[in-house]
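Inspection log for the structure reproduced underneath, given as structure tokens.
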Amino acid sequence: MQHVFDYLSYSAYDAPTYLDGDVEKLLDFAAPEPVAPPPPKPVSVLPRRRAKCNEFGCLRAAQSSFWCIKHGGGKQCQFPNCAKAAQSRNLCKAHGGGPRCQVPGCTKGSQGQGKCRAHGGGKRCAVDGCDRGTQRGDLCAKHGGSYRCMSFGCTRMERGGGYCEPHRKALLCCVGGCQRLARKNKFCTEHFRRAFAVKEESTTCVI
């Protein structure tokens with residue numbers, strides 16, 4: 001039968017080689033087709049929005065524990081018995097945190113331009129010739145840089161938190177002897193941190 005392969009008459013020399021074909025075609029390597037890069041991922045041009053403070057009506061960004069720094073959020077100063085917010089190096093401004101005054105020998109916090117308020121840092125009064133620090137509205141207290149009490153009909157000067165001294169008393173922190181205004185749960189910011197974050201004091205107010 002002619003279609004039966006004759007293994008006995010076949011030898012290795014009869015095997016086809018590359019020389020039996022077209023050598024030029026074998027050497028004609030076509031360049032690979034360029035692969036299109038994947039499309040870039042869409043990048044949002046909108047700024048990232050941070051969560052707002054949980055305090056009703058507060059529009060500040062929450063730092064930690066869902067509160068802004070004013071209402072008790074953020075890192076706490078690591079100085080013993082201090083509950084203020086840490087600025088840097090885990091310390092508040094009063095205990096060495098934050099930028100310092102660059103005047104040799106001064107350890108106070110910088111208010112601006114690398115200097116404390118006593119050495120010219122911070123904003124100065126806008127009145128010509130006055131070098132006092134500003135209090136309100138680019139003016140020092142002498143030139144009108146102060147506010148009136150927010151209480152209706154009161155003409156006294158504001159002494160902190162927008163109220164005069166008599167009207168502040170009803171809004172003070174519930175901790176006895178504290179003269180700061182209450183910010184959260186009838187506590188000032190410092191005592192709120194101590195009561196709820198550090199838990200060194202009782203959370204029960206006695207008014």
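The backbone N, Cα and C atoms fix where each Cβ goes, and this holds for glycine too.
Automatic prediction, not curation, is the source of TrEMBL annotations.
Because the structure is a prediction, the values reported are computed rather than measured.
What TrEMBL annotates here:
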type   : residues : note
DOMAIN : 74-97    : domain 'WRKY19-like zinc finger'
DOMAIN : 98-121   : domain 'WRKY19-like zinc finger'
DOMAIN : 122-145  : domain 'WRKY19-like zinc finger'
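With DSSP states grouped into helix (H, G, I), strand (E, B) and coil, the domain 'WRKY19-like zinc finger' (98-121) comes out at 0 helix, 4 strand, 20 coil. Confidence in the domain 'WRKY19-like zinc finger' (74-97), given as mean pLDDT, stands at 82.
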